[in-house]
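> Checked TrEMBL, it gives:
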- 1-238: domain 'SAM-dependent MTase RsmB/NOP-type' (DOMAIN)
- Cys22, Ala23, Ala24, Pro25, Gly26, Asn27, Lys28, Asp46, Asp73, Asp93: S-adenosyl-L-methionine binding site (BINDING)
- Cys172: active site, nucleophile (ACT_SITE)
- 246-279: region 'Disordered' (REGION)
- 268-279: compositional bias 'Basic residues' (COMPBIAS)
Amino acid sequence: QASCLPAFLLNPATGSHVIDACAAPGNKTSHLAAILKNKGQIFAFDVDTKRLATMNTMLMRAGVIGFQLAQQDFLTVDPRDPKYSKVTYILLDPSCSGSGNVWGSILPTWSCLWARAPQVMAALPAGMVNRLPREEAAPSAERLQALAGFQRKVLSHALGFPALQRLVYSTCSLHREENEDVVHAVLQEWGSAFRLVNAFPSWPCRGLAAFPSAECCLRASPADTLTHGFFVAVLERCGEGAAAPSSLPAAAAENPPQCEGMAPGTAPKKRKRKKQRVK
């Protein structure tokens, strides 16, 4: 599941205070609790009462402690509230077009195998064939523009928490407007305060070339990673108090992060190799 990437890449230190900004139904919240080893504090927000109730039940069944649920629009949360003065990690998975989910939940089992072995179709029962997922209509330009506007606003708001060290922004969208364009716009808005981290360098799918450091972002797709479509960007605060690169998960920091310290909108500098003279 590509949706496991956000909590994995956020990788909050045990005992940390973490915000799950758009939390329901709670799968990422429970994943965060496991990474925290059930120590620290998770503040989880969502506007949907029923989804929050379901989330509370799920977290209790999983034995999660140290969490606070709030039926509240994250945009109305005051970053300067003393309650959140120790929040150093934020997971932000806002509302999106959901275009990465158009193939349905059975994709990894059937559809990808199907694409690689068309003869499988003939072996499936007729009822199963009729239930296979079908591609949905793409969202309109107006819909994408509205979603991207909200996403930029909520991402910029999240970066305003004063103790924040690392933030993960993710969507289940395939559209550049909701992904690279949102990250780029907000990085430009914040200047040199935050940087993109090149997490998980071995991940095969990178961000679209929308701006020079977009390759630091991750993408997932049915064709390339046998998962739902997904997008992840890891942002860290620059300068004093910034999270150390070594605090990333070992598997996600296996190579030196190329994008760290890169100012938004600047291309990475190529190092000149010194020519060795043959004696």
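Heads up, the Cβ atoms here are built off N, Cα and C, so glycines get one too.
Note that the coordinates shown come from a computational prediction; the quantities given were computed from them, not determined experimentally.
Looking at the shown structure, what environment does each listed feature sit in?
The average per-residue pLDDT of the prediction over the domain 'SAM-dependent MTase RsmB/NOP-type' (1-238) is 87, rounded to a whole number.
Long-range C-beta contacts of Ala24 (S-adenosyl-L-methionine binding site), restricted to its own chain and to partners at least six residues apart, with a cutoff below 8 Å, comprise Ala44, Asp46, Asp48, Arg51, Leu52, Thr54, Met55.
Cβ-based neighbour count (10 Å, all protein chains) for Cys172 (active site, nucleophile) stands at 20.
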> Give the distance between the Cα atoms of Cys22 (S-adenosyl-L-methionine binding site) and Cys172 (active site, nucleophile), rounded to the nearest whole Å.
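Rounded to the nearest whole number, the Cα-Cα distance is 13 Å.
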> Between the Cα atoms of Asp73 (S-adenosyl-L-methionine binding site) and Cys172 (active site, nucleophile), find the distance and write it as a whole number of Å.
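Counting only the Cα atoms, the answer is 20 Å.
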> If one looks at the chain holding Lys28 (S-adenosyl-L-methionine binding site), which residues at least 6 apart in sequence have a CB under 8 angstroms from its CB?
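The answer is Ser3, Pro6, Ala7, Asp20, Leu91, Asp93.
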> Between the Cα atoms of Cys172 (active site, nucleophile) and Gly26 (S-adenosyl-L-methionine binding site), find the distance and write it as a whole number of Å.
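The Cα atom of Cys172 (active site, nucleophile) is 15 Å away from the Cα atom of Gly26 (S-adenosyl-L-methionine binding site).
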